[in-house]
Amino acid sequence: MKDLLPIIKSLKSNYTAALLFILQVAITFTILVNAIYLAFDKREFIARASGLDEQNVFYVAANLPVEEAAQPALLDQDLANIRAFPGVENASVSSGIPLSGWGRLVEVAVNPDTKYDTFSGYYGGDLNLLKAFGLELVAGSEFSPSAELSVRTEGYRNAIDIMVTKALARSLFSEQWEQIVGKTIYINNLPQRVVGVIDTLQAAWPSWVVVEHAVLAPVKEADSIVHYVVKTVPGQQDDILTQTLAYLMSLHGRKVDNFETFTEVKSRAYSAENAASKTLFGVITGLLIVTALGIYGQSRYSIVKRTKLIGIRRAMGASRGQIIRYFVLENVVLCLVGILIGVCAAIVLNNVFSNAFELGTIPLSYLFYGSICTIILGQVAVLYPAIRAAQLSPAIATRTV
Amino acid sequence: MITYYTKLAFLSLWKTRYMSLLAVIVIAVGIAATMTTYTINHMMTKDPLPSKSDSVFLVRLNNWSPEAAYRNRNEENPPIYMSVQDAVNLINHNEAQAHIPIAGFKDMLKLPEQSAVDAKMTFVRSSTTDFFSSFEVPFLYGSSWPKSSDDSGEQVVVISKKLNAELFDGQNSVGRVVQLGEHQYTVVGVLDDWAILPRFYGESMRAFKAPRDIFIPFQTQLNLELWSSNVQAFECWKDPENASVKALWASECVWVFFWVQLNNELEKQEYMDFLQSYVEQQKALGRFQRPTLNKLQSPTEYLKERRAFSTDSEIAVWLSICFFALCLLNAMSIIMTKFQGKAGEVALRRAVGASSLDLVHQYTIETGAIGLFGGILGLVFTQICLFLSSQLYTHLSKDIMTMSGELMASTVLLSILSSLVFGMFPIVKAINVQPATQLKSL
């Protein structure tokens, strides 16, 4: 520590280089902390659970190429046949697919006379939809078989029994959310009875404010295009998808509109966030490389400039360790000043961002870990030049006086 | 003299080639980061139709339920799309320069001679011939359909260059026939390469996707009752009378985006007046029972309201500008190191009579050259980054990842300018040496 005073004194005599160094560290720190925060923010957004058994669910959208009156029967027949494939855990039909952008929204109210308390996504299917999605029930019970209905479109108007997600129950009844079971709530102003609460089920639109709100009803819709949802045993998804498509196409007039595994749905839903977070990680990598290069170059330069000085110190009896310690300590001092400025700048930048772009504020832990990373980066970059400096022979001092 | 200084500058660059190269690379990386993010952001937020941005408007009418405002918002806003009957009425009144309804459906597309197995599910855009003239759509073969086809609902199509290549091997296909679902259509025009970004006229969710590949007259869709409920977003406050498509056409369900072209403020005013009288006339017929709330919205206003622009790209630009500043500081310290070694040379030249201004000249050329090379290399890096982005950003149209000539020129200019500015300090520092003391140590 007794090196500290000479370090500060020597910085004063060479302030421009020191200032440049400090500025670089400050800017690096500012971008680093903000970029990492943004990247993790995106990652968290992407990692939200959809509630589904994501690895094992796929859907196929196809038409029902028969007379309108015969469509419900064909729907049931299709479902029965798909369920019969070995390896299929469950199959159902759904009026929407989570995160796919395709679904329906409903208004939810606790009282009949309020227009709405909140909004929610809506899924209508047969009794198996809960299992075909792979959802978890946290309160209440499953639908009774008598609750199942079959309609042509807009099943939410006909539903009698429904299930809601925990998030929706919470937004209506806050902490007493379990009490929602057995209560009648109003979906688009129509009274419906809640029989169960689902742990998590996301609505069809990933960036929707109330994406965690969903209503599930046992109402099949035999529309012109239906979406079959199939859950398979792990590892058999590809085979079963091929089988299902082959089976569906075997009927004359059948059109398969679209098919996707849920993993694909999810990666499509979050493609923007995914790309953004990858770009941010790219920026972070570039940043670290450029800064490390900069620190390395500058330390090397300042050491070359002080060759004679190092030689004299060595000749006067300074050990190699002392020389290394000197430069390492100098680096730490400069980094700390840079970080100090960087912390202020990062907070300012984050404030500007959060005001302009509706972002959250950076938690203090990010600043802390960011500081540690920056110091480590500085140390790594200075180590080689410092070791080289320590290798200098004391005789160098005598050569060019 | 300039040529001599240039020669000296390049000699000096060569003498310190590793350091110069490092400075060039550092500047190039900074430039690439900034320009990549800037290009993407610029392409996403630019004016999609610069020559028409003040003369194309989305028409919004408030035909919603007497009981509740559209989407139950506190601040009432008319629906973004309108009902078929209003679209047809507004076209028939013919009060604007151009009427562009944006509707569509999807169906199986094939050539008549192909078998049903080869048919492909295709999204069809239906509009009027005004679509092509107002949005300045370029044609490769043929032209848009005549106005008479709009009125009669003739079965004609305009197809994109891409689709023409798929179906007809890129030949001039005007006069050929394609089959969409159960109906046959005659090709009247083939579009040239056309990208409109952001594609403001339809759903804002898809503003950064390519336009559809096949276009038919709006009236044809209405006449043939072509409707795909799972393609077109539609909202109803009152159910159609029955489940038929005809009833949907006659209902209050909204789903048609309706754009008009109005060339000046006066025409806009007149059209507002016309809309007012139209709504009053409809009120007399028992429709439009909410407060009148007519709106003409420009493409940019519409996209802003729908929040089509992601703020991510803007944040990225700001971050990369900071990154660029960092790279410049880095380059500055490299240049400083370079010039530090020149103290002896400076002293010698000063001693034999060069003025400090001469030296500034020479060193400015040197840093300028670093900036120039940095800019050129940066441009190469930018193209690589844009290519990588186009692979990564699969949800955006590839056309976003292209740079205009102007942008390229300004990239190089930016690089030269910034390196000159940031090189100034090292230069001043370098020439401020005392000739006498330096000469002594030579």
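Including glycine, each Cβ sits where the backbone N, Cα and C put it.
What TrEMBL records for B:20-223 is domain 'MacB-like periplasmic core'.
Look at TrEMBL and you will find B:319-435 tagged as domain 'ABC3 transporter permease C-terminal'. Across the domain 'ABC3 transporter permease C-terminal' (B:319-435), the DSSP tally of helix, strand and coil residues reads 100 helix, 0 strand, 17 coil.
Residues annotated as transmembrane segment in TrEMBL: B:20-40 (among others). For the transmembrane segment (B:20-40), the residues of the chain that approach it from at least six positions outside its boundaries are 13-14, 313, 316-317, 319-321, 323-328, 330-331, 334-335, 338, 370-371, 373-375, 377-382, 384-386, 389, 393, 400-403, 407, 411, 414-415, 418-419, judged by C-beta separation under 8 angstroms.
Listed as Cβ neighbours of the transmembrane segment (B:315-336) (distance under 8 Å, sequence separation of 6 or more from its ends, same chain) are residues 19, 22-23, 26-27, 29-31, 33-34, 36-38, 40-41, 367, 370, 374, 418-419, 422-423, 425-426, 429. Under the heading transmembrane segment, TrEMBL lists B:315-336 (among others).
Residues or ranges marked as transmembrane segment by TrEMBL: B:369-388 (among others). Using a Cβ-Cβ cut-off under 8 Å and counting only residues 6 or more beyond its ends in the same chain, the transmembrane segment (B:369-388) has close neighbours at 9-10, 13, 20, 23-33, 35-36, 39-40, 331, 335, 401-403, 408, 411-420, 423.
Look at TrEMBL and you will find B:409-428 (among others) tagged as transmembrane segment.
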